[in-house]
Amino acid sequence: MQHPTAPSGGPRLPGGFAPLHPGDPRVIGPFRVVGRIGAGGMGAVYGALGESGERVAVKVIHPRYAQDPGYRERFAREAGLLARVDAECAPAFLGADPQAETPWLATDFVPGRTLKEHVAEVGPLGGRALLSFAAGTAEALAAVHAAGVVHRDVKPANVMLSPTGPRVLDFGIARAAEDARPEERTYGTPGWVAPERLDGGPDSPRSDVFAWGGLVVYAATGRGPFGGGTADELLERARAGAPDLSGVPDELLPVVRAALDRDPARRPDAGEAMRAVLALAGEAEEAGAERDPRARLRALITDAWTGFTDAGRGAGPWVAAASVASLGAGGAVGGALGGGSVGGGAAAPAAAGAVKAAGSSGLIGGVSTATAITSGAVLLTAVVTGSWVAGRVATEQPIIPGTSASASPSAEAPAEEETQRVEFGALTLEVPADWTVHRYQREYQALEATGPTEAETVVLGTDPDTECAEPQGNFGYYGCPHVELHGEAGIAVGSAAFPVTADLPYAPPTEPYSCDQPLNTTEVPPPEETGGLPQDPSAAETVDVDGVPAAFRVWTMGCYDNGTQQAPSTEGPYATFEQRYWLMEEIGVIVVDNHETPGLDEIMADAEVAA
């Protein structure tokens, strides 16, 4: 994995990191930021260093969403869910401040490759390493479920193979197990979603176990449990309960087959799956005394988990973008994003948090729990002096300023968001009032046409703080997070200057191109090493847009992340990003989203089409 160089001749960044943008914070709470791990419409994730040099991942909400009580509530909920998880094979939750001016959440940084990357670059797992993987991921899910949480998106891209064992990541769409509220759509990835969820049933821990069975198949064979094909084909095979288990070691077949059973009642729970795999590995319970399953798992991983390094994400030296020497008494930790730091200062009041002190001392790293959790400012002072990390170790419970075990969500209803109506052809969308609307007359050149076609394109800039640029030719670099609306002329050049159909992604360029800088990209091996990108969408369905059928697709796209914003371009690290679109051939409109824009699903569901 290549290591990009920070702007202005700065140090080389760790593997998989992107340089900080001009408006990015250099300090978040007690952490010094190193670089970007990823970003989306909701916010960004940064790699950062703690007071003692520990490497952490810090998630920060975008400032415009931090002002919305509803988003704050969701963020606090995610922090609360993560705080309840205590596992060997999940990253440790370190802390969060949902009440800060710009809320943040920190976990251990997990280095290495994802299972998906490892299989593509090295190949499937085998032997005792495979057993370690199966037992470790089951243990993580057992701990998640014991905390009353359902993960809901277990898949190869969300499992890291770190030097010290597998780690289950990404609780972004996790949900409390007791939360029985209905949902308008099923979350997850085709091929990994349990049949009962596809049929409208509730999430449950057994749904995660179904996905775990698929993980083991993928780790052992390099392919998913339901083979390849379109998203509809994968979903149909999952509904039918017909996994392909060829290539899975015989000893693992019984537990994997049971995990993938169509009936959730016949699946083992995650703890049972873990114990079954430990028994296969020879880590059975000792006669006369039941040995701690986590101790047995640690013994297995210590013995069998070899050859996995920190090559990949996070490899290389970590150098903070700014010094924290100025963070002395006086609370320089607080402040807004634009001020170069993110934290909970005096303006961010905190309620008592749920902290269990070791023994009966009631101390967190030498600071009384009452003092440490009563004031966000006091807590952050303790963090900067080093006591916060000691508190995490001493109490074996994370500190969440601004939350409590009995706290209830704010009774204050979120203010109704101001909107504006945007018309494009027969389609009308109601979008947030702070989105910027750009209308361009463009020349589209289809390869099968004798000359260019001039037509209007609408670009909806979703970040009011970022200016969008005017595109040129078939493919443009807009330089801002956005949503694109193209008409028939855009559809006619949507696949390498040929017409795009529902079987193809929206990709007008005829040659490789560099990444538009606001994209949320993930560095991967170049296509000549992997055979190229997936040929099928990760999601495919026909949805209704005000009575008009729309082909909804989600694709994995690729570009060269070199900062040049030009085509053709094959320089620099190769990266992927997610594209989704709504193709409405009946009215000659395609809506393209390359930026994981939050709320766009709801906007499309409420769209209007003129008769």
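Using the three backbone atoms N, Cα and C, a Cβ is placed for every residue, glycine included.
Unlike curated entries, TrEMBL annotations are predicted automatically.
Annotated range for region 'Disordered' in TrEMBL, selecting from 1-21, 190-210: 1-21. Per DSSP, the region 'Disordered' (508-541) is made up of 4 helix, 6 strand, 24 coil. Long-range Cβ contacts of Lys59 (ATP binding site) within its own chain (separation 6+, distance under 8 Å): Gly43, Ala44, Val45, Trp104, Leu105, Ala106. Looking only at the domain 'Protein kinase' (31-280), the predicted model's pLDDT averages out at 85.
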